């Protein structure tokens with residue numbers, strides 16, 4: 001390229017450095033898109049205009065913001081300053097998607113982009129500009145699952161530093177605020193939610209579907225909450241109560257006429273149900289979800305693994321216990337609904353447990369060493385070691401470990417089941433033994449509560465009508481993974 005300029009200079013012929021092709025692209029834009037730093041420097045020194053937009057509204061600055069690492073971006077800005085080219089006129093220009101350079105930088109989901117954000121704000125970037133989806137950078141940050149408290153704080157503090165007032169209640173095309181998106185896309189975001197609330201975000205605003213952030217928190221259908229506990233709902237209420245800025249309408253209805261409590265039940269979120277009831281959710285007028293409601297909610301779970309099905313079954317049974325302890329009377333129809341939900345999983349038709357004797361694990365010295373250190377508690381808080389438990393006859397072990405076989409404690413069983421496949425070899429051995437012991441002993445079929453007896457019956461033998469209803473629903477799309 002330098003040779004071209006030299007030859008044209010010798011012949012007194014000007015080079016049209018700002019010529020645009022049929023798409024409106026200049027040589028500088030194409031060089032920026034290709035990541036040619038040396039070419040960019042040459043063109044800028046020869047008079048290229050960095051503020052020319054192509055047919056889609058993009059500038060060289062847009063392209064520089066798409067590259068990972070800030071070196072390329074900073075070199076572009078430095079060269080523009082050296083040749084006296086200001087970028088302030090186009091720093092807020094929108095591309096075909098309505099994204100400004102600031103949108104594109106934030107979209108990279110990296111804490112290292114702080115330097116680019118600082119420079120763009122210095123040039124006059126507006127953090128409240130919305131793209132074609134109605135998203136500001138706050139929406140983008142909220143929808144990025146890789147973001148954490150540190151990144152969010154950095155961006156908001158930078159806006160404060162440059163005197164930019166951030167509109168935390170800005171709505172996108174679907175009426176969602178950044179708080180809506182944070183909760184909807186990131187179930188473990190209590191830290192970010194707290195930051196937004198303390199910064200002034202309004203937790204009572206509704207989106208186009210009539211949903212408050214609390215609705216989204218309760219309709220997430222996140223069965224993995226049973227395995228990786230989250231304090232999102234507790235923190236949400238704690239911070240709001242501490243700030244005393246807004247009164248949360250805990251029984252608010254969305255456009256489907258459903259309350260957060262109904263969504264939490266449909267999503268099999270017993271811990272969230274407890275939080276809602278502790279905060280005054282109305283259980284007296286509660287209507288138990290229909291089978292169709294459960295189908296619509298749970299169909300989004302990827303049920304390719306047996307543990308996913310087990311998690312749903314655990315969630316359903318635990319949920320029933322929580323509701324009954326709070327005074328809700330589970331009638332026959334409700335019990336059959338839960339039974340059908342569990343039956344659709346095909347859980348008990350497809351499980352095939354290993355027949356390898358559990359006691360064979362005691363031949364492994366490393367396992368024995370670990371098992372002697374692992375304690376198991378029953379309902380009376382008596383404890384024994386895993387080693388001693390394995391050595392007991394099966395029926396005796398089942399009685400001794402009755403506490404492990406209760407629904408509440410099956411959560412830890414599934415956690416151990418997952419860890420068997422992810423921990424060290426020793427950890428896998430220890431955890432798998434507990435899984436196999438509990439699988440063989442099954443859930444206690446002599447549950448005292450009648451509704452629990454119905455729910456815990458693996459083969460539906462308690463009532464003929466339940467058995468027949470199970471046969472009608474034996475085939476379900478839940479038995480294969482569903483992709484969304």
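Heads up, the Cβ atoms here are built off N, Cα and C, so glycines get one too.
Caution: TrEMBL annotation is automatic and unverified by curators.
Quick caveat, the model's predicted, so the values are computed rather than measured.
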**Study point:** From 397-424, 425-452, the residue range that TrEMBL assigns the feature region 'Disordered'
**Key:** 425-452
**Study point:** Non-local residues, at least 6 beyond the ends, that sit with Cβ under 8 Å of the repeat 'ANK' (23-55)
**Key:** 1-2, 5, 15, 17, 61, 63-64, 67, 72, 75-76, 79-80, 82-83, 85-87, 89-90, 93
Check your understanding: Mind checking how the repeat 'ANK' (256-284) divides into helix, strand and coil residues in DSSP?
Key -> 16 helix, 0 strand, 13 coil
